[in-house]
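Peer 1: Quick one: this structure, given as structure tokens, is what I'll be asking you about.
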Amino acid sequence: MENYLNENFGGVKPKHSSEEVLQRWRDMCGLVKNPKRRFRFTANLSKRNEAAAMRRTNQKLRVAVLVSKAAFQFAKFAEPSDHTLPDEYKAAGFDISADEAGALVENHNPEKLKFHGGVHGLAKKLKTCTINGLAMDDKDLSCRQELFGTNEFTEREQRSFWVFVWEALQDMTLMVLAACAIVSLIVGIATEGWPKGSHDGLGIVASILLVVFVTATSDYRQSLQFRDLDKEKKKISIQVTRNGYRQKLSIYELLPGDLVHLAIGDQVPADGVFVSGFSVSIDESSLTGESNPVKVNSENPFLMSGTKVQDGSCKMLVATVGMRTQWGKLMATLSEGGNDETPLQVKLNGVATIIGKIGLFFAIVTFTVLVQKLFSTKLIEGTQWNWSGDDALMLLEYFAIAVTIVVVAVPEGLPLAVTLSLAFAMKKMMNDKALVRNLAACETMGSATTICSDKTGTLTTNHMTVVKSFICMKTSTNDIPTTALNILRQSIFTNTGGEVVSNKDGKREILGSPTDTAILEFGLSIGGDFETERQVAKIIRVEPFNSTKKQMGVVVELPGGGARAHCKGASEIVLGNCDKLINENGEVVNLDEESLTLLKKKIDEFADEALRTLCLAYIDLESGDSGESPIPSSGYTCIGIVGIKDPVRAGVKESVALCRSAGITVRMVTGDNINTAKAIARECGILTDDGIAIEGPEFREKSLEELMVLIPKIQVMARSSPLDKHTLVRHLRTTFGEVVAVTGDGTNDAPALHEADIGLAMGIAGTEVAKESADVIILDDNFSTIVTVAKWGRSVYVNIQKFVQFQLTVNIVALIVNFTSACLTGSAPLTAVQLLWVNMIMDTLGALALATEPPNDELMKRAPVGRKGNFISNVMWRNIFGQAVYQFAVIWMLQSKGKSFFELNGADSDLVLNTLIFNSFVFCQLFNEVNSREMEKEDVLDGIWKNKVFVSVIAATAVFQSNLVFGENQGISL
């Protein structure tokens, strides 16, 4: 079976499966009782095609815009705008309507922007300021929301419970049984009268309704869980200046007129125009499908919602929000496309298809045998031409049994059990600070064999402080010469991606990355003032931090004329760009061999203490250099070295040890100095005596043959570039067959996150681009949470195995019992109503009990399944066939020897025996359900009371079964 499944249903990957592969397995599912339910949690390929067509339209629109711009360049004058301002906007004091502002950005119309007075004119018409942002009270807020709308997108309406009831009724076999019930009622009442003749028909109807409502309740609860998780996925915050101060707001709170601060990796939250900034490059592929970055500046100031900031930083004036944006219109279609189905969902659809075909064959044979037995009896009695109402009811009962065998045999609940288990795990993982974006990541993480982890913020706390420095060749900052101190302050406060601002309460607040925050705190501690330095030295060019160059730089215009470039970054790299230094007297001198050796010694000394080291340097430029000239890459003067402490997180060492015991290799991949990386890796327990620590540049130079020997031993990669991380991940996956989980937080980590089997983005330090490429977002940036995700992944995988083992056992026994009984005795011991009840026990209730088992510590003591492990293992086949033989033996003994053993006599002896067989069969399934909790351990009751859902399902099933057997309405029930 495994080979067949791999061949026909094994092409689907955990992510990025092609449309052809997704369509192929759908075509293989020949026998589907209820397509609406079976394919509910699979991708809607037609809606995805619609979204792709919309992107192509956006691309054509962009081409049209470019043509229009070219035409405008030849125009001698701008056409007057035909904009007519509605009265309600005039009354509120606005000079532009929502539609006009939306058309201005969507059409990328520079002439229309010019007509409205440029960016500052547009700001004035929107009643805002390009410095202090919106200034408004609650009344103004309501008015603006009413006129311009909110930054929310139209989503699919939540389906009501009755929609799920209707979909459950679409089951083909249930509809056939309902028709049988109606015929049974008509014939029964006509021949036996009311109420006796209605028992069988009403019994089937009651069973159908019970199955439908239990199924609908389970499906409805799942949909509510997924809706809650979808809301969590869409929680994005952005830095905004409103009411004169910087604050963090949800993107859904944005309004036209807001002043938004964008940096590398941010998603543009609304349509707007560029106010100020440096080196802004936008990735519009999510909107247009085009991967080429678009430069945004004062000449091309338009920013579109849903696009990503690939490089640079800027301030943006929001012009349009919500469904008026092109992204809002696209999102409405994208949300209907659904998520890719997971490999396990597809594989279990394959299992359901195979068993369904077998069940259909047995159902047809069973019906044929039963009908043949009836005909033979009538031939022997000579009554083949005389057919009574009882004969018609008998034929109807045979047909109902055959249909119900299909109901029981087709394990429609198998694929849905995956969804139930994943939904349960996703909700619990949210409580454990892990947000799952890609459903397949839950099950894939259970197979992970390698975790490639960042250092900063994942293994460490990301709370950084400058604890050591070596400025002007001195370890103390108290007696630095004034000239050098001024240059140091200028370097700190201009060459930074952070800011020192006043918050709502008027208190000083430092914004920016942890590294920038630490450096700014250091600058303030030596008497610096952020605003003063920014006013004195005007910034004319910025090169943001680049993970390839591992440095950032700015060019500032000096008050007395001329310009100066400041550089900050990886110590050995920036120091390598220096040929001079500031000595202890504040003088600029040549960087001789002795001084260079001393500086390198200090770098190593700091790194050995697990400190991050940064080098600060500057170069005075000639007066002719402009802001457009590239920042020099050599000739710098070294100001000094700083050592930043970033403590290791509590519990990381224990988590790494747990991974090792679970067969998961943890590798550290960082951009830091190799000595810092090794010190942290040893403290975390990652670097062992037989492991290798290597630098990215050295890794890049290795041949393929050398990499084959080297990669399995690598435990630390320092000074790595995003390409190094991507190469390592690719080789681990393809060459060594590892299942790889990768952490990332920066924009440049996106390729590695995309390449990995499981991409893990950081929720606090991670950019929106990284989160968009990830499968799981670690909300607390903690490595211990990654281990928790691995534990839940294993739990999901094992829980689904338990349910498959349980359900396949019921399938096999129910088929064999009814088939052999029909062939040997001419009757079926399990009626249609009884089989429907059994179907509900093994389908909805079984999934609820077994697929929601919480993880235990034993899971992390097993070896990972890996990439090539069989889902239905040999142990499972042993348990399935062992249970099947045992159950069949019990049922067959009861059927063949039951009357004599229990001394059953009289007219109702057959009814009592069949009830006994039915009751025994159901309790066999309950015991099998308990037995399925553990596939290998003998103690199947261990920890059973911790799973309240399991205990509740077992108890409720036992009570309901007792009522069925001993209740007053036995005739209707059985």
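Note that Cβ sites are derived from N, Cα and C of the backbone, with glycine treated the same way.
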Peer 1: TrEMBL tags one of 52-72, 808-828, 871-891 as transmembrane segment - which one?
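Peer 2: Matching range for transmembrane segment: 808-828.
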Peer 1: For the transmembrane segment (202-220), name the stretch out of 172-190, 354-375, 808-828 with the most CB-CB pairs under 8 Å.
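Peer 2: So the stretch in question is 172-190.
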Peer 1: Quick test of the contact rule: Cβ under 8 Å, at least six residues beyond the ends. What residues does that give for the transmembrane segment (172-190)?
Peer 2: 33-34, 196-202, 204-205, 208, 211-212, 389, 392-393, 396-397, 399-400, 403-404, 406-407, 410, 832, 836
Peer 1: Can you break down the domain 'Cation-transporting P-type ATPase N-terminal' (116-184) into helix, strand and coil residue counts using DSSP?
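Peer 2: Counts, helix then strand then coil: 41 helix, 1 strand, 27 coil.
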Peer 1: With helix taken as DSSP H, G or I, strand as E or B and everything else coil, how many residues of the domain 'P-type ATPase A' (236-333) land in each class?
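Peer 2: Computed counts for the domain 'P-type ATPase A' (236-333) are 18 helix, 48 strand, 32 coil.
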Peer 1: Give me the DSSP three-state residue breakdown of the domain 'Cation-transporting P-type ATPase C-terminal' (828-964), ordered helix, strand, coil.
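Peer 2: Helix, strand and coil residues of the domain 'Cation-transporting P-type ATPase C-terminal' (828-964) number 96 helix, 0 strand, 41 coil.
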